[in-house]
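Pulled from TrEMBL:
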- A:6-23: transmembrane segment (TRANSMEM)
- A:44-64: transmembrane segment (TRANSMEM)
- A:76-95: transmembrane segment (TRANSMEM)
- A:123-145: transmembrane segment (TRANSMEM)
- A:157-179: transmembrane segment (TRANSMEM)
- A:191-215: transmembrane segment (TRANSMEM)
- A:235-254: transmembrane segment (TRANSMEM)
- A:319-349: transmembrane segment (TRANSMEM)
- A:369-386: transmembrane segment (TRANSMEM)
- A:392-416: transmembrane segment (TRANSMEM)
- A:423-443: transmembrane segment (TRANSMEM)
- A:449-469: transmembrane segment (TRANSMEM)
Amino acid sequence: MNWSVIVPLLLFLVIIFIIGFWASTYLKTSDSFLQEYFLGGRQLGGFILAMTMTATYGSASSFIGGPGAAYTQGLGWVLLSMAQLATGYFVLMILGKKFAIVTRKYKAVTLVDFLKERYESKWVVLLSAASIIIFLFSAMAAQWVGGARLIESITGLSYTSALFLFAASVMIYVIIGGFRAVALTDAVQGSIMFIGTLILLIATIIAGGGIPNIISDLTAENPNLISPYGFDGGLTPLYVSSFWILVGVGVVGLPQITVRAMSYKNAKSMHRAIIIGTVVIGFIMLGMHLIGVFARSVLPGIEVADTVMPLLTMEVLPSWLAGLVLAAPMAAIMSTVDSLLLLVSSAVVKDVYLNYIKPDASNQRVKNLSFGVTTVLGVLVFLIALSPPDLIIWLNLFSFGGLEAAFIWPVVMGLYWRSGNKYGAIASMVVGVGSYMIIHLYFPNPFGIHTVVLPILFSLVAFVLGSMIGKQRQKASAYVA
Amino acid sequence: MKHGIDEHDSRFKIARREAWIGIILVIINFVWWYGFAYGLGSESVEEYGYVFGLPAWFFYSCVGGFVLMVVLVTLAVKYFFKEVPFDDEQEETS
């Protein structure tokens, strides 16, 4: 085992635990357990808000899969990844103050709470809670597998012990500290992601003998690598542009991101978060993917794309610094997983149990239940990640686009279009998720655009038509009653 | 609508305006990104110009686009975004 790499990683875990324990002291003093546990008492400041949004969004794919793809595709993939710059400002500007004000009036703790009060429909609640539980549970399992594989490859532990180490560390601070612990650890993890990117970018450029040298290496190997069209010319402008929907503007519909848009303290925090978030996400995405491309000149001939980032780190950095930089993808995975765990737990406790099973549960009971459900979910994900069944892998492929197609219009139109109603919301969710699955299975990337684009258009049409038809039905039944 | 949500609340007018600013920014972002990437990048690779060692299309589209958006977002927030209170009545006991 390589101790000089492992020690910085262990230090990182210790810091995360201390934050978790510290955050848990807030839970004892807060008079509303639910608001505190699932939303941090709506007290986030600008820096923490920006970091928790960035870190939750940036996952295994930004640090492992993304740089690997850039290694294969060249600068065209960096271009594609820059569509994500928009997430830094777009989500907070669109949901913005209106979402903050309205969710406070509704006393909403989860995204589903907001939908429930806005549309006043049991079906909207059940459909949305089900989508969150199914899709995010699968996404979480996939991220845990990624986290464990990473620990496995860095430390040389067996997969099972690596998974156990990973699961135990995430669960402890999420269970005891709730949202505040998640957000604060996200801030630390986000900073590590930022610093790790910076260090690795500089080291890679130096190892490659400067940017002009690296670029001429790439040109000599295959000129397509420095064109916007990918190594074989396969990245068409239309296809690359359609990622602006999937990983740019569509992110407004991801529940793990939207819930953060109701957690901040005041308008000032939101303003700061927009600026900081844009800088941080832009830098991480540009830096990490560029590192992936440059790696090709430093370490040519890597076969498995996912190993590019760990191998490169070990190659260009002294081992103690490599440990710090390798904490970055760990941080990225942990900061995504912790938010998902808490969100699925809130969907079970708040959206299903408190809404339909026992609305008058006491504060103490809710507290025990929240700890209990979070623990059980964590253990379940652990068991599934030990040997992930095909169904989970399959569902995980849908989770990102599926959630966007389900939630984007019920959330955005629910805020800004007064005539939107429950018929529109239900139609939009069913059509969005349904058409996403069908297109994904039978007509992937139709007309050369990413699969997610059409379902998002369809669900918009369904929302508008559903709301208009539903309104007439409501009027008609109002006369009868 | 219930919960005393008044659609004519002046804060909502501000929120709506800021959402439009978000949409305008994302359109500028996209046009800049697309224009430089495929405007300069579609030439043959031998014709490429270079800035700081990077192909010019990439430098302007991705690096320049990033810097441009940080500047535009900062300006928009500083000059067009208004601070409003989120809790109107203090009678809430949550």
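Placed from the backbone N, Cα and C atoms, the Cβ positions cover glycine too.
Per-stretch counts of Cβ pairs under 8 Å to the transmembrane segment (A:123-145) identify A:392-416 as the leading one among A:44-64, A:319-349, A:392-416. Count of Cβ pairs under 8 Å against the transmembrane segment (A:319-349): among A:44-64, A:235-254, A:423-443, the largest is for A:44-64. Nonlocal intrachain contacts for the transmembrane segment (A:449-469), taken as residues 6+ away from its ends with a CB within less than 8 angstroms of a stretch CB, comprise 238-239, 242-243, 245-246, 250, 400-401, 404-406, 408-410, 413, 417, 419-421, 423-433, 435-436, 439-440.
Using a Cβ-Cβ cut-off under 8 Å and counting only residues 6 or more beyond its ends in the same chain, the transmembrane segment (A:6-23) has close neighbours at 154-155, 169, 172-174, 176-178, 180-181, 184-185, 188-189, 192, 320, 323-324, 326-327, 330-331, 334. Here the transmembrane segment (A:157-179) has long-range neighbours at 1, 13, 16-17, 19-24, 27, 36-40, 144-145, 147-149, 151, 185, 263, 334, 337-338, 341-342, 370-371, 374-375, 378, 381-382, 385-386, meaning same-chain residues at least 6 beyond its ends whose C-beta is under 8 angstroms from one of its own.
Here the transmembrane segment (A:235-254) has long-range neighbours at 57, 73, 76-77, 79-81, 83-87, 90-91, 94-95, 228-229, 400-401, 403-409, 411-412, 445, 447-450, 452-453, 456, meaning same-chain residues at least 6 beyond its ends whose C-beta is under 8 angstroms from one of its own. Distant neighbours of the transmembrane segment (A:191-215): 12, 51, 54-55, 58, 63, 226, 280, 283-284, 287-288, 290-291, 294-295, 297-298, 312-313, 315-317, 321, 324-329, 331-332; these residues of the same chain sit at least 6 beyond its ends, with a Cβ under 8 Å from one of its Cβ atoms.
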